[in-house]
Amino acid sequence: MPYILSIDQGTTSSRAIVFDANGHACGQAQKEFRQYFPEDGWVEHDAMEIWNDTLAMCQQALRNARVEAQQLVAIGITNQRETTVLWDRETGDPLARAIVWQDRRTASTCEALRDQGHENQVRSKTGLLLDPYFSATKLAWLLDNVPNARQRAEAGELAFGTIDSWLLWQLTRGKVHATDATNASRTLLFNIHEQCWDEELLTLFNVPASVLPDVRDSAADFGTTCPELLGAAVPVTGIAGDQQAALVGQACFAPGMVKSTYGTGCFMVMNTGEAVESHNRLLTTVGYRLNGKTTYALEGSIFVAGAAIQWLRDGLHLIRDARETEALARRVGSAGGVYLVPAFTGLGAPWWDPHARGALMGLTRDTGIAEVVTAGLEAVCYQSRDLLDAMAADCGTRPTTLRVDGGMVVNNWLSQTLSDVLGVCVDRPVVTETTALGAAYLAGLGVGLYASLESIAEQWRCERGFSPALAEPERQKRYQGWRDAVARVCQTSRGAN
């Protein structure tokens, strides 16, 4: 039986899963790592810690699966996107901690570029907005704030990459500096229509081309691992950013199909086939690129989903474990007019307000822990409604089904409430960790284990479906309360700036 090792490097943990050819997980390992918050709005990771943890999890997953490295036909990598690493080509050491996608330190830089009239140029080339979420201003910040970094970069001594590139560099011991089109499309430096790094954008963000990785298909030859790392030289043949990998893992291969992943953040992606320009502040991005052909997608990004539950646990100590949230929500049924707007690092799509900060509204003397926790879960659903409404407006048709995945959707109350708030059917697959599965599928395509996307689609199975059970007037009433709460948060942020 051939096996594929899938590396799933996320925002809060590094995971490795061994899959067989039928998409069944045979063994896995996962480890959380430290988050750094040196200043307000700053979020950093230790890239070397990520690499060491990832390697250890790969080794542990193989042991747990009782699979030898020689039995692996390929490795797939999926990763937190936009997070920016700058390292020394000679030593392989990072010059500074990685700047995470959630980091907002370059908000003023983005505002200045918008004020100078560059947003339309950037959007037309990249499909993205001028927002600190993306890699370009993070990279420019590192070049300008790490001593001698810009001079060394221009001399060809430094390499930039998102986490996939960083892991690939380490896995191949510096032999391969590459990324795939999905990760490149999240940097603000990549022209998604011409499928290349864009010289005008490099000039705009003051980034030297010498630091950039080679861009390849999502299923391609990305080199071979150094044998001593896993016990054998294994080809790396699939790479995709986490949300695009989930699109593949959910087998959303037809235009109009939508998936939403619920982890640290929430990310909804619709396969559009061709590029669709959003008029509702969604992102036009690369869904995947296979055999040189690009399939495009619309994406809405929510910065805080599961992270709100982590905050309730670690910041407020209202719960000890995320699994407690379902019982608490069932006890009260709803948040009872309490709204948590989790804008801890700004608001993502479709609001895109980097200055917004979190708020808890509608509190009364009767409000208790259960209502606050339930408001945290409901916020995930309301933000998802924001995204689905925007996608429907852009595409002229509203999807009737949403395929969901990620750690949060094992919560049946959340999945049902999601269906109630959105007014569409919600399908949860047998394999909810579809991000890792998508990376495995891409690696399998790259090595010839799968003949086509159609053969992958045949493996998708629904574990449970949820249908709307909330009356339309109540659905609209609750959602309007959310819209009012967000409007107040945005109004406050404008007043503060």
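Cβ coordinates are placed from backbone N, Cα and C, and glycine is handled just like the others.
Copied over from Swiss-Prot:
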BINDING   THR11, ARG15, THR264, GLY306, GLY407, ASN411  ADP binding site
BINDING   THR11, THR12, SER13, THR264, GLY306, GLN310, GLY407  ATP binding site
BINDING   THR11, ARG81, GLU82, TYR133, ASP242  sn-glycerol 3-phosphate binding site
BINDING   ARG81, GLU82, TYR133, ASP242, GLN243  glycerol binding site
Position of peak Cβ density within 10 Å, selected from the binding-site residues ARG15, ARG81:
ARG81
Within 10 angstroms of GLN310 (ATP binding site), Cα basis - binding-site residues out of ARG81, TYR133, THR264, GLY407, ASN411:
THR264
Let me know the DSSP-derived helix, strand or coil state of THR264 (ADP binding site), please.
coil
Just the number: how many Å between the Cα atoms of THR12 (ATP binding site) and GLY306 (ADP binding site)?
11
Same chain, 6+ residues apart, C-beta under 8 Å of the C-beta of TYR133 (sn-glycerol 3-phosphate binding site), given in sequence order:
GLU82, TRP101, GLN102, SER301, PHE303, GLY348
Which one is it, among the binding-site residues SER13, ARG81, THR264, GLY306, ASN411, that lies nearest to GLN243 (glycerol binding site) by Cα separation?
ARG81
Whose Cβ lies within 8 Å of the mean position of the Cβ atoms of THR11, ARG81, GLU82, TYR133, ASP242, the sn-glycerol 3-phosphate site, other than those residues?
ASN79, GLN80, THR83, VAL100, TRP101, ARG186, GLY241, GLN243, GLY265
Integer Cα-Cα distance in angstrom, ARG15 (ADP binding site) to ASP242 (sn-glycerol 3-phosphate binding site):
12
Near ARG81 (sn-glycerol 3-phosphate binding site), meaning Cα within 10 Å, which of SER13, THR264, GLY306, GLY407, ASN411 (binding-site residues)?
none
Between the two most separated Cα atoms in THR11, ARG81, GLU82, TYR133, ASP242, the residues recorded as binding sn-glycerol 3-phosphate, what distance in Å do you get?
15
Sparsest Cβ surroundings (other CB atoms within 10 Å) among the binding-site residues GLU82, ASP242:
GLU82
Return only the integer: C-alpha distance in Å from ASN411 (ADP binding site) to ASP242 (sn-glycerol 3-phosphate binding site).
21
